[in-house]
Ligand code: PEP
């Protein structure tokens with residue numbers, strides 16, 4: 001009932017050559033169906049990616065966006081601009097944005113709303129730090145991050161949001177949450193959404209992120225509340241990323 005989704009977040013990595021490599025690797029490749037596959041390259045590669053991915057199953061995403069449509073915001077990019085380049089998905093609240101660029105829940109909400117207003121599907125990223133997990137605060141932190149945004153959306157907007165649970169301690173560390181740990185939090189997120197609307201909760205797409213790779217993807221994706229993955233490091237090699245996509249069948 002829920003279409004699985006595998007998204008590759010290149011962060012500030014990649015090159016024009018990598019874009020071409022992905023275009024070649026996904027040309028004529030049979031993937032499990034149904035499956036959405038998204039690549040989120042750095043902004044400068046979006047246009048080349050749109051051309052290189054044409055005719056493949058790869059779709060385009062953005063790693064962030066500015067809440068405004070246009071204006072005096074040096075260095076920023078708006079949802080309207082991203083849409084012009086074929087972007088269909090955008091992250092809001094990635095932990096690197098929360099930590100390094102001090103984006104709090106309000107800033108995350110503004111970005112997510114900007115994505116919705118530009119007709120881009122937002123992927124809301126949430127997750128606890130190691131200190132928060134050790135202090136037994138995982139659910140409190142994650143549900144606060146989810147709740148802040150969801151409570152401020154209209155019912156029809158809520159149905160368009162994808163949520164990625166990414167424990168901060170698992171991102172880029174090689175340390176993956178166990179399938180049981182991930183499943184526990186994902187089930188709690190879905191249950192929380194059921195408080196708004198049971199149908200919404202049943203249709204909500206939930207991704208796991210945090211050192212997912214070709215070796216651990218199948219077990220994570222087999223969990224009942226995990227509908228896909230947000231992949232960082234392992235999305236920088238076409239073969240590895242392809243193998244993760246194949247696990248989503
Ligand atoms: C991410 O940046 O969203 C991520 C999950 O990274 P990694 O897979 O490298 O842990």
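Glycine is treated like the rest: Cβ placed from N, Cα and C.
Curation does not apply to TrEMBL; its annotations are automatic.
Since this is a predicted model, take the numbers as computed values, not measurements.
If you check TrEMBL, you get these features:
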type: BINDING; residues: 9, 10, 11, 172, 211, 232, 233; note: substrate binding site
type: ACT_SITE; residues: 94; note: active site, electrophile
type: ACT_SITE; residues: 166; note: active site, proton acceptor
How many other Cβ atoms sit within 10 Å of the Cβ of residue 232 (substrate binding site)?
24
Within a 10 Å radius around the Cβ, which one of these binding-site residues has the most neighbouring Cβ atoms: 9, 211?
9
About how far apart, in whole Å, are the alpha carbons (Cα) of residue 9 (substrate binding site) and the residue listed as 'active site, proton acceptor'?
12
Measuring Cα to Cα, how far is residue 211 (substrate binding site) from residue 94 (active site, electrophile) in Å?
14
If you count other CB atoms within 10 A of each CB, which of 10, 11, 94 wins among these recorded positions?
94
Take the C-alpha atoms of residue 172 (substrate binding site) and residue 94 (active site, electrophile) and report the distance between them in angstrom, rounded.
13
With an 8 Å cut-off on Cβ distance to the 9, 10, 11, 172, 211, 232, 233 Cβ center, who else from the chain surrounds the substrate site?
13, 171, 231, 234, 235, 236
State, in Å as a whole number, the widest CA to CA span among the substrate-binding residues 9, 10, 11, 172, 211, 232, 233 given in the record.
14
Please list residues from the chain of residue 233 (substrate binding site) whose Cβ is under 8 angstroms from its Cβ, counting only those at least six apart in sequence.
172, 211, 213
For the residue listed as 'active site, electrophile' and the residue listed as 'active site, proton acceptor', what Cα-Cα distance in Å is obtained after rounding to a whole number?
8
State the three-class DSSP label for residue 172 (substrate binding site), counting H, G and I as helix, E and B as strand, and everything else as coil.
coil
Here's one to test understanding: among the binding-site residues 10, 11, 232, whose C-alpha is closest in space to the C-alpha of residue 166 (active site, proton acceptor)?
232
Taking the Cβ of residue 172 (substrate binding site) as the centre, how many other Cβ atoms fall within a 10 Å radius?
13
